[in-house]
Amino acid sequence: MAIERTLSIIKPDATARNITGKIIAKLEEAGLRIIAQKRIRWSKAEAEAFYAVHRERPFFNDLVAFMTSGPIVVQVLEGENAVAKNREVMGATNPANAAPGTIRREFAENIERNSVHGSDSAENAAAEIAQVFKPEELVG
Ligand code: UDP
């Protein structure tokens with residue numbers, strides 16, 4: 001299996017509730033290694049650019065407002081099959097559909113305030129990582 005990298009974001013609902021450590025524990029227990037991490041607050045333009053693929057969706061404006069409402073923790077996770085492994089430990093977008101033991105099942109408030117983001121393909125991961133981190137910030 002290939003060693004991959006993926007972008008993870010701990011969202012404002014989770015930083016507000018001071019549960020970043022609980023989420024990080026789940027990621028590490030899944031075998032994912034944090035090789036870059038920083039706490040930032042996005043501007044509207046940064047959030048709009050990150051979620052540009054969803055621009056036409058009805059939830060876009062609310063999502064941008066939510067993602068700029070407080071601090072986020074952005075991370076690069078590395079490991080075997082990291083993209084799929086992170087999606088698995090995150091759980092389904094809607095916490096009502098997320099499997100027991102997943103981050104979203106345990107911590108998400110609702111389909112929007114769902115605690116974490118994870119890239120959905122290796123290709124998108126590379127683009128998302130480049131948007132958030134400088135190459136020298138990744139320490140593998
Ligand atoms: N989202 C939302 N309403 C929806 C679907 C998605 O508010 O009906 C938000 C939610 O925060 C989600 C993000 O938009 O995580 C991106 O949606 P996507 O379908 O890409 O889900 P993900 O890949 O995060 O599971």
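A Cβ is built for glycine as well, from the same backbone N, Cα and C atoms used for every other residue.
Annotated features in TrEMBL:
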type	residues	note
ACT_SITE	HIS117	active site, pros-phosphohistidine intermediate
BINDING	LYS11, PHE59, ARG87, THR93, ARG104, ASN114	ATP binding site
DOMAIN	3-140	domain 'Nucleoside diphosphate kinase-like'
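Note: the Cα of ARG104 (ATP binding site) and the Cα of HIS117 (active site, pros-phosphohistidine intermediate) are spaced 10 Å from each other. Residues LYS11, PHE59, ARG87, THR93, ARG104, ASN114 are listed as the ATP binders, and the farthest two of them sit 21 Å apart at their Cα atoms. Listed recorded positions: LYS11, ARG87, ARG104, HIS117; maximum Cβ neighbour count within 10 Å falls on LYS11. Ligand 1 lies under 6 Å from the Cβ of the following binding-site residues, listed in sequence order from LYS11, PHE59, ARG87, THR93, ARG104, ASN114: PHE59, THR93, ASN114. DSSP classifies LYS11 (ATP binding site) as coil under the three-state reduction. Look at THR93 (ATP binding site): DSSP puts it in coil.
Neighbour density for ASN114 (ATP binding site): within 10 A of its CB lie 23 other CB atoms from the protein chains shown.
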